[in-house]
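J.: Quick one: structure below, then a few questions.
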Amino acid sequence: MSKDLVHPSLIRAGIVELEMAEETTDLINRTIESNQAHLQGEPLYVDSLPEDMSRLRIEDKSRRTKTEEEERDEGSSEEDNYLSEGQDPLIPFQNFLDEIGARAVKRLKTGEGFFRVWSALSDDIKGYVSTNIMTSGERDTKSIQIQTEPTASVSSGNESRHDSESMHDPNDKKDHTPDHDVVPDIESSTDKGEIRDIEGEVAHQVAESFSKKYKFPSRSSGIFLWNFEQLKMNLDDIVKAAMNVPGVERIAEKGGKLPLRCILGFVALDSSKRFRLLADNDKVARLIQEDINSYMARLEEAE
């Protein structure tokens, strides 16, 4: 047999490539036709148009009548209560949040504490909301108070008469007790704010060392490495568990450096089966206690 013969598999491969090329060309032609569909009509020559064509306007009479009727029905007082898209207060507020967020990230990258950055950030947001967003609401409340002042004065006069008549009754002393119920609410709100700030400081320090590996004693009288990523937990869950470590809340409140190896070992012993299998639990417990004692001693020396 001659060596110039072509193998049948090569012929089949060439036929397949030809078919694919034909399909590709058909697809390209269809795409070109669809993109040039607006050019398939009769051409319009600008020179053939009349001179006054630029002054002509095409209007829909039915739509125009509907809009005119709607404009007549709506009063000017109702139009003042609605803002157009250009006057939406949320757009500049979003821009403000983006700006201060970028500044906060820069401050955190420079090494500034999370507690200080967050307190300054919250003050800026409160100031912006009180000056730019709450102004319209305050105007509405002032107008309502001015309108209701006469009726309020009459009702207050009647109430003063009733109080003067009932002052001599000893059973009415309960009604004149001072409003001390407001104080616990304020204290609880401040306590919640402080707890959120402390948790934020813990989350910041844990997130910075999320992939850093720490040494722990193993069962084989050696050591092994472990980090927060191997816990397979959310940052919020890690922070909640870390708040149970003695002394962590106090150190975070003072803005000091947290015992991260102690926190990692405490959370891992509580939530990771693999860590408990690898680690010598007694030695890890002693290691946690030693870290707590050393960090608390440093905090007392700093105070």
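Any Cβ shown, glycine's included, is placed from N, Cα and C.
Feature list, courtesy of Swiss-Prot:
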type	residues	note
MOTIF	49-58	motif 'Nuclear export signal'
COMPBIAS	52-69	compositional bias 'Basic and acidic residues'
COMPBIAS	70-82	compositional bias 'Acidic residues'
COMPBIAS	159-194	compositional bias 'Basic and acidic residues'
MOD_RES	Ser211	phosphoserine
MOD_RES	Ser272	phosphoserine
J.: Within a 10 Å radius of its Cβ, which of these modified residues (Ser211, Ser272) has the fewest neighbouring Cβ atoms?
T.: Ser211
J.: Using C-alpha atoms only, work out the spacing between Ser272 (phosphoserine) and Ser211 (phosphoserine) and round it to an integer in Å.
T.: 17
J.: Calculate the per-residue pLDDT averaged over the motif 'Nuclear export signal' (49-58) and state the result as an integer.
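T.: Residues in the motif 'Nuclear export signal' (49-58) carry a mean pLDDT of 59 in this prediction.
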